[in-house]
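*Asks:* What follows is a single structure, and I will ask about it in a moment.
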Amino acid sequence: MAAASGLQPGLLSTFVGDRLLHSRLPIPHLFGYKTGGGHHVSMRFSRAFSGLTNLLFNRRIVEEVPNTKRKPLRPGKLSPRRPVPDSILKPPYVDTRQSPGISSGAEVHDEMGIECMRASGRLAAQVLQYAGTLVKPGVKTDEIDEAVHQMIIENGAYPSPLGYGGFPKSVCTSVNECICHGIPDSRELEDGDIINIDVTVYLNGYHGDTSATFFCGDVSDSARKLVQVTKECLDKAISICAPGVELKKIGKTIHDHADKHRYGVVRTFVGHGVGRVFHADPVVLHCRNNEGGRMKLNQTFTIEPMLTMGSINPVMWDDDWTVVTEDGSLSAQFEHTILITEGGAEILTQC
């Protein structure tokens with residue numbers, strides 16, 4: 001993602017990881033982001049992005065997060081990959097370990113496609129709602145993954161994250177300072193945690209993508225406010241969507257509201273078109289920007305702002321997925337898949 005004054009090391013959908021994007025179009029043509037010197041932005045994370053991982057992570061293992069009594073996140077143990085019945089339709093990227101990246105071309109649907117998107121969005125919302133009820137102190141994030149996985153396959157759908165670019169689990173669970181892509185593991189949730197659960201399902205050939213941040217036990221007022229404002233950013237952004245509206249207004253709306261409350265807006269990760277493919281055009285920036293593009297009737301895409309209480313700079317763990325704030329500050333995220341209609345925008349991922 002990019003602000004008008006500069007760019008982060010990479011511009012990535014929230015489910016790309018440390019991998020090169022693939023597209024039918026050349027990267028520069030697809031994204032068109034340029035630095036002040038006119039050079040196209042590399043779509044692979046700079047190693048500077050993760051080069052500090054060991055230094056920062058190892059230092060934080062023996063310290064508390066600055067200005068809090070909260071312990072920093074540590075990776076836990078992973079359980080084996082969960083099976084999916086052969087009868088369930090799987091996305092084409094499964095088992096290739098190659099991230100397909102963001103495909104060129106907007107996801108614009110006919111009547112049948114819209115109904116399929118409504119069905120996948122509705123299931124994703126139901127799964128997310130159920131996952132949220134599991135958030136309690138002492139519950140392992142891997143237990144949430146197991147429950148989500150089971151609910152998705154029982155409904156004849158495939159958990160989209162499983163096998164995407166080698167991602168090992170069926171849902172993302174991003175706790176406290178984790179910005180996104182947290183891998184469910186043996187870590188138990190603790191009283192006072194906040195956790196983003198990111199659910200995507202592949203039903204009848206269409207993806208529905210949504211996430212929300214939940215409270216675990218007795219959460220501080222400051223954390224509650226961060227989560228509230230992040231949700232407000234998403235709601236305000238959706239409210240301005242309609243055919244012909246400039247996509248850049250999404251980023252301005254989010255950034256303006258975050259600024260009022262003195263929160264940082266993560267720029268490195270973006271929303272995206274979603275439908276028959278997991279990640280498609282358009283790239284949806286959540287910060288102020290000067291990029292072109294307008295919303296189209298019957299188009300579907302995600303809006304998924306990530307706000308922080310401190311640094312917006314991300315650090316990736318050595319698992320090549322988990323992304324945390326550089327200073328250990330809390331991060332929150334909300335996401336919906338929306339359909340652009342004649343009257344504005346329909347939220348597909350709500351119960």
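Note that Cβ sites are derived from N, Cα and C of the backbone, with glycine treated the same way.
Positions annotated as region 'Disordered' by TrEMBL: 67-105. Marked as domain 'Peptidase M24' by TrEMBL: 115-342. Summarising the annotation, TrEMBL assigns substrate binding site to His181, His279. Sequence annotations record features per position, and here TrEMBL assigns divalent metal cation 1 binding site to Asp198, Asp209, Glu335. Positions annotated as divalent metal cation 2 binding site by TrEMBL: Asp209, His272, Glu304, Glu335.
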*Asks:* Provide the number of Cβ atoms within 10 Å of the Cβ of Glu335 (divalent metal cation 1 binding site), excluding the reference atom itself.
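*Replies:* For Glu335 (divalent metal cation 1 binding site), the count of other Cβ atoms within 10 Å is 25.
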*Asks:* Near Asp198 (divalent metal cation 1 binding site) in space, meaning Cα within 10 angstroms, which of the binding-site residues do we find among His181, His272, His279?
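*Replies:* Of everything listed, what lies within 10 Å of Asp198 (divalent metal cation 1 binding site) (Cα to Cα) is His181.
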*Asks:* Between Asp209 (divalent metal cation 1 binding site) and His272 (divalent metal cation 2 binding site), what is the CA-CA distance rounded to a whole number of Å?
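*Replies:* Here the two Cα atoms lie 10 Å apart.
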*Asks:* Mind tallying the region 'Disordered' (67-105) by DSSP state, helix then strand then coil?
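*Replies:* Counting residues by DSSP class gives 0 helix, 3 strand, 36 coil.
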*Asks:* Please average pLDDT over the domain 'Peptidase M24' (115-342) for the predicted structure.
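*Replies:* On average, pLDDT over the domain 'Peptidase M24' (115-342) sits at 97.
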*Asks:* Measuring Cα to Cα, how far is Glu304 (divalent metal cation 2 binding site) from Glu335 (divalent metal cation 1 binding site) in Å?
*Replies:* 4
*Asks:* So which binding-site residues out of His181, His272, His279 end up within 10 angstroms of Glu335 (divalent metal cation 1 binding site), measuring C-alpha to C-alpha?
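*Replies:* Candidates kept after distance check: none.
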*Asks:* Cα-Cα separation of His181 (substrate binding site) and His272 (divalent metal cation 2 binding site), in Å?
*Replies:* 16
*Asks:* Can you give me the Cα-Cα distance between His279 (substrate binding site) and His272 (divalent metal cation 2 binding site) in Å, rounded to a whole number?
*Replies:* 6
*Asks:* Pick from Asp209, Glu304: which of these binding-site residues has the biggest number of other Cβ atoms within 10 Å of its Cβ?
*Replies:* Asp209
